[in-house]
Amino acid sequence: MLFTLFFHDVSTVFPIYFSSIAVSPLLIYSIVDVSITQPVHLPPLPSLREVLRIYGLRAQKQLSQNFLLQPASINGFVKCAGNLRDAYVLEVGPGPGGLTRAILECQPRHLAVIEIDRRFIPGLEELRLVASEMSVKMDIYRQDILQFNADGIFPPEANRGIESWGFTSAVDHPTFSPNTVGSTLPDSLVQPITQLPRVRAIGNLPFNISTPLVIQWLHDVAERRGLWRLGRVPMILTFQKEVAERLCADVKYLKDIPGTAFLPVPKVDAAIVRLTPLAQPLIPVPFPYVEKLVRSAFQFRNKQVVRCLETLFPADRPDLVVQLFKEAAVQPVKRPTQLSLLEFRDLCTVYERICRRNENIFEFHYTARSNLPLWQQRKQIQREILGTEHALTAEYVRQQMHQSAE
């Protein structure tokens with residue numbers, strides 16, 4: 001559901017910020033169809049399989065690596081990003097460089113690739129030389145994308161045509177704060193954005209980081225930082241097909257990629273999803289409040305929503321649970337999957353108001369050690385110190401027996 005709130009075009013994308021996978025409503029963005037220019041051809045290069053053989057590269061299971069090698073799937077993937085000529089492109093996890101080659105053939109102005117595995121850097125350096133001959137600027141960053149700061153990787157001109165719509169100006173305004181976007185800023189600084197910047201984020205991601213990365217980028221979208229200082233930058237990413245099919249935003253399923261297109265062949269198929277941020281969030285509440293409430297709602301998705309959301313408050317404040325549902329006018333006996341977007345909006349709005357009126361409520365977490373009964377605190381200490389419940393339990397019993405003997 002979070003996905004839905006921030007994006008409206010998620011070609012198997014996400015709704016709301018993107019909405020899906022029991023995620024939650026947050027910022028949907030819409031897709032713009034653009035004509036595709038005819039790509040140029042790169043100079044003769046070794047095939048991707050030859051690159052793997054030359055550098056002795058094998059997929060590492062601990063990194064969930066699956067190399068996309070099938071040319072038709074690679075070209076189809078890049079076409080899903082629209083017209084990349086003279087664009088600024090961030091590619092996540094290029095690996096042996098299959099997508100990188102296809103992107104270069106589209107003649108972008110600037111390509112930045114983020115790769116955590118040092119084994120692929122020599123091959124990417126070869127592609128950087130090719131890019132230089134094509135007058136394409138290519139930067140290589142050996143970093144973890146979940147730790148990467150995208151501020152400043154593209155020059156200011158990447159947002160041309162966007163500043164006049166107020167997006168960039170709002171971010172740079174001295175009174176800017178994520179909590180004030182769309183509320184207290186002057187109307188001239190928060191006009192709806194109807195243009196997309198010439199910037200794209202593209203990635204054939206390991207399935208185990210797709211959702212964490214999207215959630216992290218949702219925070220960036222909400223706070224207009226990183227790539228999203230430049231405007232409504234679309235994301236074209238791969239997800240496990242079953243995950244992509246569960247996205248609940250106003251999405252357009254772009255393209256399937258069969259598992260046989262990868263090496264090694266995964267046990268599941270993949271799907272390409274495009275996420276485009278909305279001009280304004282569907283839930284006008286700062287993202288941290290929305291994320292926490294939605295996560296809490298879906299932690300026990302088959303239970304009544306009141307049982308899920310009561311974990312947002314201390315056990316000695318049942319009055320706040322009553323206030324939440326009363327002021328939001330939401331039936332507490334519904335299941336989380338039965339709630340509409342408007343009901344989530346009202347719950348988030350009331351929850352934010354409660355948090356601002358009651359100190360430390362937002363920081364409360366029901367699983368924190370200080371909030372647990374003593375017997376649960378002891379179990380948590382066991383796990384943290386000894387990594388096993390039995391060891392501490394046995395030690396605890398021995399101590400009790402020794403004390404009794406004394």
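Every residue gets a Cβ built from N, Cα and C, even glycine.
Annotated in TrEMBL:
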{"type": "BINDING", "residues": "Asn66, Leu68, Gly93, Glu115, Asp144", "note": "S-adenosyl-L-methionine binding site"}
{"type": "DOMAIN", "residues": "73-279", "note": "domain 'Ribosomal RNA adenine methylase transferase N-terminal'"}
For the binding-site residues Glu115, Asp144, the one whose C-beta sees the most other C-beta atoms within 10 angstroms: Glu115
Local backbone state of Asp144 (S-adenosyl-L-methionine binding site), from DSSP in three classes: coil
Cα-Cα distance, maximum over Asn66, Leu68, Gly93, Glu115, Asp144, record's S-adenosyl-L-methionine binders, Å: 20
Collapsed DSSP category at Leu68 (S-adenosyl-L-methionine binding site): strand
Cβ-Cβ neighbours of Gly93 (S-adenosyl-L-methionine binding site) (radius 10 Å): 23
